[in-house]
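One structure is given here, and the rest of the page talks about it.
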Amino acid sequence: EVDLEERLHELDLRSDSDIPDVPPPTDSTPEILKRALSGLSARWKNWWIRGILSLAMISGFFLIIYLGSFMLMLLVLSIQVKCYHEIITIGYRVYHSYDLPWFRSLSWYFLLCVNYFFYGETVADYFATFVQRREQLQFLIRYHRFISFALYLAGFCMFVLSLVKKHYRLQFYMFAWTHVTLLITVTQSHLVIQNLFEGMIWFLVPISSVICNDITAYIFGFFFGRTPLIKLSPKKTWEGFIGGFFSTVIFGFIFSYFLAQHQYFVCPVEYNSETNRFVTECEPSELFQMKKYSVPPLLQAVLGWETVNMYPFQMHSFALSTFASLIGPFGGFFASGFKRAFKIKDFADTIPGHGGIMDRFDCQYLMATFVHVYITSFIRGPNPSKLLKQLLILQPEQQLSVYKTLKSHLVEKGILQPSLRG
């Protein structure tokens, strides 16, 4: 036992250059595609595999959109769990020789704890009427944060009990690894769902812009790329970066125009406790009502138009598309640096030609944070419907007190007629 501890201590002192290589991912390309593309060069074979699988994923995405908001939430949760699994698995494989006690079990336990906290917050925030009708849920919601803290504290204590002599430093490395992974995946996926509740358009336009930028940057780089962009990603070029930017901005502007015409995409997603279903019905806000704008003088000579009709949201789509094409790729560069640090090509081999799920969503998480900040900073205002749901949870005497206070305030403002006093 002493010899084992000494060996583990020596391994713990290894430099980064001595990190064991992760086994290379296996080729998961279906045999039918391998046979069909066998006559092509490796470059063109990868092009066709990526293209075919991209079309398949986009088609599946459209199907889930058709199925509604709840299915999109399940999709976000599934992607979150898979991304978490891929990152944690890398840590487990790289440091597998250490045989860290409880590492994998604690990692998944912390994932459950953090998801319990965030999804519980969502339930309390958006499903207040539903919770009010279920006595068993009222206790869970009332003490939700205390229960969440107690669950996390149990995991924290388990981690402390798992510490092994002469092995502490590595265990704290992996404790930090788990928490950073939780920050990247769970927190960001929670923000994605928050954006979705603001209206499906706030979910679809940002995600589609990142996808468009990824595809068009790849196409422009594949055909015209000559100038390397960044050392972390040798295949990325300035030609692809610039081509992707203009393509994404144009795509976002046009895509927003079509989505803004339908209530299904622009109305906030709300839960109807009477039908137990999510509904997207409302009177569209000013963001989604056609308005006339004057064309700047410099563009009038080029376009030949003095005015143009468009939805205000289309101007916001310009900000979203710009971020997706200029800043979003840095999420991919960050992921590239992470993979280089651990001598791996992809996070996994889940999608042939693409790598793992995390390889495809490394930019999406950064985008989700920006959209959430953008909405709270420039878009979101008071929500009467949400406020009413919170009032309905109050006790009758509390509701009466709010009513009297509000009535007094409206009379003082002159909004209510004096004849209505009483």
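Here the Cβ of each residue, glycine as well, is placed from N, Cα and C on the backbone.
Listed by sequence, the residues of this chain that lie at least six past the ends of the transmembrane segment (47-79) yet keep a Cβ under 8 A from its Cβ atoms are 29, 33, 37, 40, 115, 189, 192-193, 196, 200, 203-204, 211, 215, 218, 222, 269, 278, 280, 351-354, 357, 360-361. Feature annotation from TrEMBL assigns transmembrane segment to 47-79 (among others).
The feature transmembrane segment is assigned by TrEMBL to 100-119 (among others).
As annotated by TrEMBL, transmembrane segment applies to 139-161 (among others). Same-chain neighbours of the transmembrane segment (139-161): 102, 106, 109-110, 112-114, 116-117, 120-121, 123-124, 131, 171, 175, counting only residues six or more beyond its ends whose CB sits under 8 Å from a CB of the stretch.
Summarising the annotation, TrEMBL assigns transmembrane segment to 173-193 (among others).
Marked as transmembrane segment by TrEMBL: 199-225 (among others).
Residues 200-201, 204-205, 208-209, 212-214, 216-222, 224-229, 266, 284, 287-288, 310-311, 313-314, 316-318, 320-322, 324-326, 329 of the same chain lie 6 or more positions beyond the ends of the transmembrane segment (237-260) yet place their CB under 8 Å from a CB of it. As annotated by TrEMBL, transmembrane segment applies to 237-260 (among others).
Look at TrEMBL and you will find 313-335 (among others) tagged as transmembrane segment.
Taking Cβ pairs closer than 8 Å, the transmembrane segment (100-119) reaches residues 77, 81, 84, 88, 91-92, 144-145, 147-148, 151-152, 155, 158-159, 162, 164, 167, 170-171, 174, 178-179, 181-182, 186-187, 190 in its own chain, all 6 or more past its ends. Taking Cβ pairs closer than 8 Å, the transmembrane segment (173-193) reaches residues 73, 76-77, 79-80, 83-84, 87-88, 91, 95, 100, 103, 106-107, 110-111, 114-115, 118-119, 122, 159, 203, 364-366, 368-369, 371-372 in its own chain, all 6 or more past its ends.
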